[in-house]
Amino acid sequence: MRIASHPSSSSSSSGWSHFWSSARRSKRLATPAEKAYRDSTELGLSRRLGVIDLILLGIGASIGAGIFVVTGTVARDAGPGVTISFMLAGASCVINALCYAELASRFPAVVGGAYLYTYTAFNELTAFLVFAQLMLDYHIGAASIARSLASYLINILELFPVFKDNIPNWIGHGESIGDVLSINILAPILLILLTLVLCLGVHESSIMNCIMTVTKVIIVIIVIFAGAFEVDVSNWSPFAPNGLQSILTGATVVFFAYVGFDAVANSAEEAKRPQRDLPIGIIGSLLVCIALYIGVCLVITGMVPYNLLGEDAPLAEAFTSKGLKFVSVLISIGAVAGLTTTLLVGLYVQSRLYLGLARDGLLPSIFAKVHSTRHTPIHSQIWVGLVASVLGGLMDVRVLSHILSVGTLTGYSVVSACVVVLRWKDKTSSQVSSSAEREGVICLIAVALCGFATGLLYRYDASFIFLILTIVIAVGASVALIFRQVYADAPGFSCPGVPILPNICIFFNMFLFAQLHEEAWVRFVVLCIVMIGVYAIYGQHHANPSAEDNLYIEAPVEEDP
């Protein structure tokens, strides 16, 4: 006698099967005919950004008020060796930038950045989770920057006697109410103004970013040259007063001063010649940032002994102590310009990410609408500005700062893995067997776990033997990737040293992940669980990876004009 299966059990099995099959979906590449059709439509964004615009976009996203603060605060621990900290962090970011540059060159047709690459190389659910982690970083970061910008503007106003001590805290500095709430009126106003600029069009916002970025770069250069005449080389000795460990710890801190070059990758659909210009914009902006940071580090540690540097505004205080108050004023102006461009580019990137997901059906279609004349995703831009305004106007973002940077490190690690995967995973001909693919992914996961484990062991001063063991396992996984996989040449710009350089990226990024506050780890897990639920309820039923109007285009090798 046959026993009938229980209806609820069958339904549950069917639901799980649908979820699993949806989660494993990935984007296929478009055919030449589909690419031609997309290029002929007017549904996309407007291609108005040249290579200079892209370089300034990357600099604008990276160089903020931090260059006037972070350099000094880290120097208090690392001494003049902070210069080496910035060099190490810069070298790591260069490798990350090379990975971004290859993928930006390979998929120059649409927005999406890390989310786009993950959807193509891995699967739908992983891409959705990467988006969620990045977006939370962006939302909190925008609110934090807006409040800092508001505070700097109030400080400048208070230089005038009429405003001195006459501006209430709730206008710009923030009026705390309890442990979480903090009222700030000026921050939302600034966010609304910048959102309006971005809604006008990428050309208008690019002009504003270029003006502000050039202004702050000129100010930084003036600061470097003015400070160079006040340097006392005896202040550079001892160069590393607290040893190598303080320099390495400093590198993990200043790593986040470089992040922002991914903004260039997210402007793919608005670049005039994306396959050529995106890699130049990504790497060029990063190299400029490295040079500026190193110059500021050498100046500030040469002007004042490292142990006498101030905590809140070390660079400004250093020039004031030398009688150069006009430079301190310039630093304040540069900080305002830096925060403005960082905030502008951050809001820009967020709206383009929402646009990419909405096109794929993972978010409501309203976020995918592009204005017919402005060629900007106005609905996405307004939503991003609204969220940042609420957070910036009501929340004490310093409480939320402990959970920042998780998305950035996660996104960078996944992008590095995408470079490796896409070299041996040809989606158009399926030449890679599923077993070889699984083996490769397991090796990449092993490298990431070893990086995290090494970071934990280093953080809690574990035995040197355990550190060596985790590094050896990571090297073994990398060797397996070298000899067990076959790698094709990348179209367009090619990241050198694949898979070694991407593996170094993954390992170091996860090493930094382990240095974050424990609350950040909890945020990572909780957000993943919540977003898996959102995907199960909404995303899996609305995503349409086969839609012809949102296919990901892989660029051929670009011919000379």
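Even glycines carry a Cβ here, placed using N, Cα and C.
For 493-542, the entry in TrEMBL reads domain 'Cationic amino acid transporter C-terminal'.
Taken from TrEMBL, the feature transmembrane segment applies to 49-70 (among others).
Residues or ranges marked as transmembrane segment in TrEMBL: 82-103 (among others).
If you look up TrEMBL, you'll see 109-132 (among others) marked as transmembrane segment.
If one looks beyond the transmembrane segment (183-202) by at least 6 residues along the same chain, the residues whose Cβ comes under 8 Å of a Cβ in the stretch are 45-46, 48-49, 142-143, 146-147, 149-150, 153-154, 170-175, 177, 208, 267, 270, 340, 343-344, 347-348, 351, 371, 374-376, 378, 381-382, 384-385, 388-390, 392-394. Residues or ranges marked as transmembrane segment by TrEMBL: 183-202 (among others).
As annotated by TrEMBL, transmembrane segment applies to 243-261 (among others).
Positions annotated as transmembrane segment by TrEMBL: 282-306 (among others). With a threshold of 8 Å between CB atoms, the same-chain residues lying at least 6 positions outside the transmembrane segment (282-306) that come near it are 51, 54-59, 61-63, 67-68, 71-72, 75-76, 78-80, 82-83, 86-87, 90, 93-94, 97-98, 100-101, 104, 217, 220-221, 223-224, 227-228, 230-233, 235-236, 241, 254, 257-258, 260-261, 264-265, 314-315, 318-319, 321-322.
Feature annotation from TrEMBL assigns transmembrane segment to 326-349 (among others).
What TrEMBL lists as transmembrane segment is 401-421 (among others).
If you look up TrEMBL, you'll see 441-458 (among others) marked as transmembrane segment.
According to TrEMBL, the transmembrane segment annotation covers 464-483 (among others).
Here TrEMBL flags 495-514 (among others) as transmembrane segment.
Outside the transmembrane segment (520-538) by six or more residues, the chain places 19, 23, 125, 128-129, 132-133, 136, 362, 402-406, 410 with a CB less than 8 A from a CB of the stretch. TrEMBL lists 520-538 (among others) with the feature transmembrane segment.
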Recorded stretches the transmembrane segment (326-349) and the transmembrane segment (495-514) touching, at least 3 CB pairs under 8 Å: no
Contact call for the transmembrane segment (49-70) and the transmembrane segment (243-261): at least 3 Cβ pairs under 8 Å, seq gap 6+: yes
Interface-richest range of 82-103, 401-421, 441-458, 464-483 toward the transmembrane segment (243-261), CB pairs under 8 Å: 82-103
Within the predicted model, mean pLDDT of the domain 'Cationic amino acid transporter C-terminal' (493-542): 93
Residues of the parent chain within Cβ reach of the transmembrane segment (82-103), under 8 Å, 6 or more residues beyond its termini: 71, 74-75, 117, 240, 247-248, 250-255, 257-259, 261-262, 264-265, 278-279, 282-283, 286-287, 289-290, 293-294, 297-298, 301, 306, 412, 415-416, 418-419, 422, 490, 492-496, 501-502, 504-505, 508-509
Folded-back contacts onto the transmembrane segment (401-421), same chain, C-beta under 8 angstroms, at least six residues removed: 96, 99-100, 102-103, 113-114, 117-118, 120-122, 126, 130, 132-138, 140-141, 144, 256, 259, 262, 440-441, 444, 448, 481, 495, 498-499, 502-503, 505-506, 509-510, 512-513, 516-517, 519-524
Beyond the flanks of the transmembrane segment (441-458) by 6 or more, those residues with Cβ under 8 Å of it: 413, 417, 420-421, 466-467, 470-471, 473-474, 477-478, 480-481, 484, 503, 506-515
